[in-house]
Amino acid sequence: MKILVIQGPNLNMLGHRDPRLYGTMTLEQIHSNMKSFAQSQKAPNGESIDIEFFQTNFEGEIIDKLQECIGSDFDGIIMNPGGLSHNSISIADAIVASGLPVVEAHLSNIHAREIERRTSVTGAVSVGMIAGFGPLSYHLSLIAIINIAAEIKELKKNNPQQNA
């Protein structure tokens with residue numbers, strides 16, 4: 001099973017940026033922990049988990065990456081669009097167009113923050129959102145997307161006419 005992790009603007013600054021909200025781990029440390037965790041997991045059908053990481057500070061590059069997923073071998077996406085989650089209808093449209101399940105992850109609890117951060121237009125088109133657990137949000141998201149993607153694979157296998 002192949003999972004893509006998309007990290008949006010300013011996440012490359014983790015470890016330096018407001019540790020009260022985001023903790024002290026760097027993005028590289030979070031990715032290393034996710035990779036180790038993924039290697040210890042198996043999909044319900046026994047498949048191993050392959051994980052790929054992508055980070056950008058640019059909205060258009062996130063859209064490009066989501067569009068590249070159309071017809072790809074990815075089974076699901078974990079995405080933290082950062083501040084773009086609150087207002088990027090273009091990213092939301094690209095999530096829908098990708099045809100893949102997306103779990104949105106946030107280190108902080110966006111619902112307990114400033115009013116302008118409490119809405120997620122990208123979360124609204126995702127299969128779910130995990131927020132507020134710091135780096136653990138990514139592990140929980142990985143567990144969720146593995147199980148959701150496996151369920152979708154099983155449904156497609158058992159209902160081939162729905163794949164057309």
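Glycine is no exception: its Cβ is also placed from the backbone N, Cα and C atoms.
The active site, proton acceptor annotation in TrEMBL covers Y22. The Cβ of Y22 (active site, proton acceptor) has 19 other Cβ atoms within 10 Å, all protein chains considered.
The active site, proton donor annotation in TrEMBL covers H106. Under 8 Å, Cβ to Cβ, and six or more positions away along its own chain, H106 (active site, proton donor) finds N80, S85, M129, I130, A131, G132, S137. Under the DSSP three-state reduction, H106 (active site, proton donor) is assigned to strand.
According to its DSSP assignment, D93 (substrate binding site) is helical. Annotation for D93 (substrate binding site): no spatial neighbours, criterion Cβ-Cβ under 8 Å with sequence separation of six or more. Marked as substrate binding site by TrEMBL: N80, H86, D93, L107, S108, R117.
The annotation site 'Transition state stabilizer' is assigned in TrEMBL to R17. The Cβ of R17 (site 'Transition state stabilizer') lies under 8 Å from the Cβ of N10, each of these being in the same chain and 6 or more residues away along the sequence.
Least packed by the Cβ count within 10 Å, out of the binding-site residues N80, S108, is S108. Long-range Cβ neighbours of L107 (substrate binding site) (same chain, at least 6 residues apart, Cβ-Cβ under 8 Å): L14, L21, Y22, G23, N80, A131, G132, F133, G134, P135, S137. The secondary structure of N80 (substrate binding site), as reduced to three states from DSSP, is extended strand. Within 10 Å of the Cβ of H86 (substrate binding site) there are 17 other Cβ atoms, across all protein chains.
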